[in-house]
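See structure below.
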Amino acid sequence: MSEGAYQRLWESSHATLQELLDQEQLLLEPAPDRERQSFQYRLASLYLHYLGLLRRFDTVYDQMVQPQKRRLLRRLLDGVAGRVLELKDELVRADLCENHCLDRVLQDFKLTPADLEVPIPKYFLLEQSTTVRERGLILAEILSRLEPVSSQKSFTGMHRTEAIILVQKAERARQGRLRATFMREIRRDEEQDGRIREDGWHKFSQGQAAVTIQKVWKGYLQRKRTQQDRRMEMEFIGMLPSPNQVEHLSIISQPCLVEDVQRLRQMEKEEEFRAAMVKAHDSLVETEGPDMKEKMKEQIRQWFIECHDLTGRFPDYPDASSGGSYSIFADKTPEQVRMELEMQMQENRKKEQEKSKEKGKDEKEKKKGKEEKAKKGEVDAVLQVLPSKCIPMICAGHEEYLNTWKNRCESIHPSQNYDSETLREEKRKEVELEIRIQVDELMRQELRKLRLAVDKEEERPLRAPKKTPGKKTGKKKEKDLTSDRSVESLYEELVISGLLRKSESVALKDYIGDFLYLGSTLSLVKKLPMPSLFDIRQNVALYAVLRLGSPDIHIMAPLIRSILLVGPSGMGKKMLVKAVCTETGANLFDLSPENLLGKYPGRNGAQMMVHIVFKVARLLQPSVIWIGNAEKNFYKKTPKEDKEMDPKRIKKDLTKALRLLTPGDRVMLIGTTSRPQLAEMRGLCRVYERILFMPRPDYASRYVLWKRMIEARGIQPTQHLDISALAKVSDGYTPGHILQAIQSVLSERRFLQLSKRPLVASEFLGQLVKLDPVYREEEESLKDWYFKTPLGKKSMKHRMDQLEAEEAKLDKEKKKRK
């Protein structure tokens, strides 16, 4: 895409953003519980449109070169990402489940499941690539020091006679195989000649022989042409992949090269802009600084005089924490300040009179409302969205675009150089704030002298606001048990003890799964739709990747400290943990019970271990703390075989450490378990704020799994391989089982035979039979457990209430008919 195309995409994105901001006002209106479906539909439509907007802003930010526009785009990108996470939280509260049936909404807006993909901003890794690389080198260096120097393997000697016998055996075997092949061919030729003699020779004339040869040859040519035409047609309509993979890869790689060139240009323009920022700041301080200082002093002196004339005393000077004099003179004249003071005094008097009247009225109205509701028996729940932290930021960015960039006459190829006038305006505000701090200090001293000279009054100390008794504000600060140690030493200690590991590089898109196409249909017939692998991937992207990727998004988004992945073995839980680390460049800490065996023994040791892990995780953000077999930390009754590792010893310290995480601490606890029934429900749900249930893959996901995993081995499926049949037969098997079957079948030897013997479905069935599937009893047990979680209970209660309401409605209709 050209620079003009990115400019047009930016403009169209702001037009869409304006429409969404208008819709936000309608969403603020509370809705009764009986209108839950329409409320969910409005939330889902907003969520979908914000996802599309996030995708477009990410594309423009990644390729826009102009540095000032990029800064605005970054704020908008973070704001929209935060709003997506807020809407996801609202959808969970409205739907009472983690997966949402959005197929009807997609159909109404003529969108595809690809539009539901959560885009991961590219700057997550690009802007911290240096940090991630340096951290990887440090980790590799520590690990190399731990590994013992591999000594040369000593091979057992072989006697010369034994070696000769071994070579002779191999050579004789080779000659025997060749002789057997040769004899097989001779025998086959003899049998063929014998059959011909028995049938007798058929004499052809020259013309008949020519016609026969032509007939066979023309038939062969026509079959070949028909097959080729059919393949071309199937490739054209997208039913078969293109055979020319080299051409396909070259087409894909060309835009990537252009994007890399654009990023190099971004770095050059950014360096120019930073140098210009320093130059503009210094220039403004020298040229306009003295005039600004004198103007501020005159304005503040005039305020002193006006207040003294109006109230008979000099005002209290605003504290620096409240903005100093800026809070009073923000684009105001002395006359406006005087009018405001008079209005404030009048309003204060009115408020005092109205408060006493309103108290009595409110109490009476509350009593009446309660009595009426009690009589009617109607206590209708209200659905309403929570106040957004991101909307003000988005509105400010959109307004800046309208005021600064919208009405500019840009050419087809807009200039990518910075705008000096806009830069000077921004720097002028910064210089003004710096000078105002200096002026405030001088004017506070001048105010003291005025009070002494005019009112003969000493300086009045500012009274601290009274604290309400019985209420504790803030949280207790964590006691630093390792204040005398550096981060580097703690980091090395964790690596040596095996608590900090190198994560494998796994992209989140490699977690393959398809969309649930019949979610709304299942809901209509009162069947509970289970999440697909697509839903699981999206939830992990929303709950973990987007939050950990950016500090600004983490601060604005609803705080989520921990998630628990629950599902049978082979569902890819560990793969998702690695994908989160890869997509965000996060450190991976392993606090699995098996990994803690023999490390940091005793009660104090466990406390120290959790403290060090969370301290390093906070200092080297982003970080992922993984606990495999998470149910063991909350065993109802510890089995005999696990008593030695004492898995419950970090339970208390883990809960305390999680509570200390605040917005801005990009640390995520991710637990994985396949047997949550063994754990105490209350403790597990207290630690893990979000629980993602991972059932067996459905037909659509299994079909995509078979196809993509075979293609990943470098093989294009042919018509001989019935993938649909494989997807049906493999019901009950996890992605791990499917991968094992593919790896077993596609050996090196089988790969070499593909040209002569194409793959067929029966080859994979033999391998699947050897594996144990996820039986229905196991999955039902996991479902029953999930519906005992807090969110699962709410969902089941809501469904029961709906069924009861429908039954009551049907009973009323039957009575009316009678």
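Using the three backbone atoms N, Cα and C, a Cβ is placed for every residue, glycine included.
The 10 Å shell around the Cβ of Lys573 (ATP binding site) contains 26 further Cβ atoms across the protein chains shown. Among the features that Swiss-Prot reports, ATP binding site is placed at Gly567, Pro568, Ser569, Gly570, Met571, Gly572, Lys573, Lys574, with the record citing sequence analysis.
The annotation compositional bias 'Basic residues' is assigned in Swiss-Prot to 463-476.
Non-local neighbours of the compositional bias 'Basic and acidic residues' (798-818) in the same chain are 96, 526, 528; each lies 6+ residues outside the stretch with a CB under 8 Å from one of its CB atoms. If you look up Swiss-Prot, you'll see 798-818 marked as compositional bias 'Basic and acidic residues'.
Under the heading domain 'IQ', Swiss-Prot lists 206-235, citing sequence analysis as support. Mean pLDDT, taken over the domain 'IQ' (206-235), works out to 91 on the 0 to 100 scale.
The annotation region 'Disordered' is assigned in Swiss-Prot to 344-377 (among others).
The region 'Disordered' feature in Swiss-Prot is assigned to 458-482 (among others).
Taken from Swiss-Prot, the feature region 'Disordered' covers 795-818 (among others). Across the region 'Disordered' (795-818), DSSP classifies residues as 23 helix, 0 strand, 1 coil.
For Lys574 (ATP binding site), other Cβ atoms within 10 Å of its Cβ number 15.
Close to Gly567 (ATP binding site) in the fold, though at least 6 residues off in sequence, lie Lys573, Ser674, Phe693, Met694, Pro695, Leu782, each with a CB less than 8 Å from its CB. Within 8 Å of the centroid defined by the CB atoms of Gly567, Pro568, Ser569, Gly570, Met571, Gly572, Lys573, Lys574, the record's ATP site, lie the Cβ atoms of Leu565, Thr672, Ser674, Met694, Thr734, Pro735, Gly736, excluding the listed residues themselves. For the domain 'IQ' (206-235), DSSP puts the residue distribution at 30 helix, 0 strand, 0 coil. Annotation for Gly570 (ATP binding site): spatial neighbours Thr734, Pro735, Gly736, His737, Val774, criterion Cβ-Cβ under 8 Å with sequence separation of six or more.
Counting other Cβ atoms within 10 Å of each Cβ, the binding-site residues Pro568, Gly572 show the lowest value at Pro568.
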